[in-house]
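Quick look at what TrEMBL annotates:
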DISULFID  149-184  disulfide bond
DISULFID  150-167  disulfide bond
TRANSMEM  12-30  transmembrane segment
TRANSMEM  50-75  transmembrane segment
TRANSMEM  82-106  transmembrane segment
TRANSMEM  196-222  transmembrane segment
């Protein structure tokens, strides 16, 4: 393969890695946006990967770092960088596949973690003073207001001490207080499932792009090694 063809291949690999880097940066930004505008993080603590924003930020950060290494390796024709990029990208793809398998195989166990965290947050809410655990109390109130639900499994979870966020209509200072009857567990689980569906689609697309980058990195590295291009 002559030098112009190598330069063309190098430019294509650089372009693919740059697109992959942009995707990683966008994923990080979107994860940060979700983190700032979602009020459910304090309610889910024992198994943090089920929170979509955490998954997006961690994945996006790793992707941007690995793809930046690929861009520099292709531009500088540095075989050491390309080898490191190839190995890290391969490991990243394996981790993405492993995470997908974990969520598929242990879906029921993850749901149990989800339910236990919500019950723990509800008990903390009930046993707190008016000035204590404000973050959990505010987040739980937001969840009940947005999803039009009450408690974890139903209004009975509050054992008669139902907060105003469960009220179905104003005014809420009447007796008996009209409350939502459906629990928040199923509604929140469905919300997380929809978010993970879109997140999963993005990860699959990124996985395909990473696979293409890896496939084109192999021949350009072999060409550098055969012809002596780049650093040794």
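Cβ from N, Cα, C; glycine included.
Its Cβ placed at the centre, residue 184 (disulfide bond) has 27 other Cβ atoms within 10 Å.
Listed in sequence order, 143, 166, 180, 182, 183, 184, 187 are the same-chain residues at least 6 apart in sequence whose CB falls under 8 Å from the CB of residue 149 (disulfide bond). Within 10 Å of its Cβ, the residue among the disulfide-bonded residues 150, 167 with the fewest other Cβ atoms is 167.
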